[in-house]
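**Q** Pasting the feature list from TrEMBL:
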TRANSMEM  26-50  transmembrane segment
TRANSMEM  70-86  transmembrane segment
TRANSMEM  136-154  transmembrane segment
TRANSMEM  199-220  transmembrane segment
TRANSMEM  241-264  transmembrane segment
TRANSMEM  276-294  transmembrane segment
TRANSMEM  306-324  transmembrane segment
TRANSMEM  330-348  transmembrane segment
């Protein structure tokens with residue numbers, strides 16, 4: 001299907017797009033667009049692992065400020081900006097080099113669906129987790145992450161139903177806020193986040209309120225409105241309500257299972273291993289979203305239940321019933337490793353199949369030689 005996206009965000013239209021149009025001119029024409037997309041993703045990963053190294057359990061900013069060196073925050077701002085720039089110019093570069101393909105679209109959105117959670121997991125190190133005085137609780141982190149992933153899912157669910165991707169306003173705003181937050185932290189130290197800045201509220205409170213406000217009063221109503229408008233114009237892809245709602249079943253069940261684990265975990269798994277748990281949440285959501293993106297691109301019907309739900313249900317049942325006992329953390333680690341490996345494997349396989357199908361290389365503009 002032909003890719004169509006609509007971007008109405010003033011920040012994007014008036015400020016960022018002119019910047020990208022200047023940057024794109026320096027990209028050599030022989031570079032494959034997917035290489036730009038992938039480089040941006042790798043930078044986000046490198047940054048994430050760097051922060052994890054200094055702050056595995058999200059306490060560095062709260063209990064021992066200065067544990068994360070200033071250069072790490074500067075590097076975070078730099079990598080976030082680069083990833084944002086690369087993600088914004090890959091499509092323009094594809095049109096410049098006349099190499100736009102469904103593979104590129106999938107590659108871009110598929111990596112975005114994973115990067116979304118990684119951005120947040122890196123950012124949580126800035127606020128640090130709740131230590132009684134400052135920071136945000138690990139449960140707030142989980143809710144925060146779920147809302148952001150739900151938003152991402154919604155824009156693709158909307159495209160599944162309308163055929164048009166309305167780029168969420170939150171994207172550009174969140175990237176600019178992230179870069180500003182890292183620069184602020186580098187300049188003023190993590191203490192900036194631990195001082196009330198307005199009426200006894202902390203900056204982190206303001207960000208949480210902004211995010212929730214954006215989601216429930218802007219993004220989600222916009223999604224429903226766009227679907228409703230398509231329904232009135234009779235341009236909906238799916239006639240029946242059931243078919244239209246089908247892609248939401250797996251993410252919803254996934255969220256329910258994960259939340260049951262968080263709430264009923266005898267060993268408080270989220271308190272003990274916030275980084276592992278939240279990473280696993282991001283990976284599983286990304287895989288579920290990727291399947292919806294593929295269905296929406298190939299106009300096929302998504303499966304009702306994603307296969308991740310079955311092993312996850314088993315893990316959640318054994319953990320919450322107390323059967324796992326002290327092994328709960330070990331099982332989480334193994335499960336996280338397995339879903340991450342499965343997700344990477346899935347990405348590689350889909351990439352391979354599409355590159356063979358369209359007779360192109362993923363990271364090169366050379367055409368494949370026909371067998």
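Backbone N, Cα and C atoms are what each Cβ position is placed from, and that goes for glycine too.
Set these features in their place in the structure for me.
**A** Outside the transmembrane segment (26-50) by six or more residues, the chain places 72, 75-76, 79-80, 82-87, 89-91, 93-94, 96-97, 99-100, 103-104, 107-108, 111, 114-115, 118-119, 121-122, 361-365 with a CB less than 8 A from a CB of the stretch.
Nonlocal intrachain contacts for the transmembrane segment (136-154), taken as residues 6+ away from its ends with a CB within less than 8 angstroms of a stretch CB, comprise 58, 112-113, 116-117, 120-121, 124, 127-130, 168, 170, 204, 208, 211-212, 215, 219-220, 223, 248, 251, 255, 258-259, 262, 270-271, 274, 277-278, 281-282, 285, 288-289, 292.
The list of residues near the transmembrane segment (241-264) in space but at least 6 beyond its ends in sequence, with Cβ under 8 angstroms from a Cβ of it, reads 139, 142, 146, 149-150, 153, 156-157, 160-161, 227, 270, 277, 281, 284-285, 288-289, 291-292, 295-296, 301-306, 308-309, 312-313, 315-316, 319-320.
With a cut-off of 8 Å between Cβ atoms, the residues of this chain six or more beyond the transmembrane segment (306-324) that come close are 250, 253-254, 257-258, 260-261, 264-266, 269, 284, 287-288, 291, 331-332, 335, 338-339, 342.
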**Q** Which residues, given as numbers and ranges, are at least 6 beyond the ends of the transmembrane segment (70-86) yet have a Cβ under 8 Å from it?
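**A** For the transmembrane segment (70-86), the sequence-distant neighbours (Cβ-Cβ under 8 Å, at least 6 residues beyond its ends) are 19-20, 23, 36-37, 39-41, 43-44, 46-47, 50-51, 54, 115, 119, 122, 126, 175, 178-179, 182-183, 185-186, 189.
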**Q** Near the transmembrane segment (330-348), which residues from the same chain, at least 6 beyond its ends, have a CB less than 8 A from one of its CBs?
**A** 110, 114, 269, 273, 276-277, 279-280, 283-284, 286-287, 290, 308, 311-312, 315, 318-319, 324
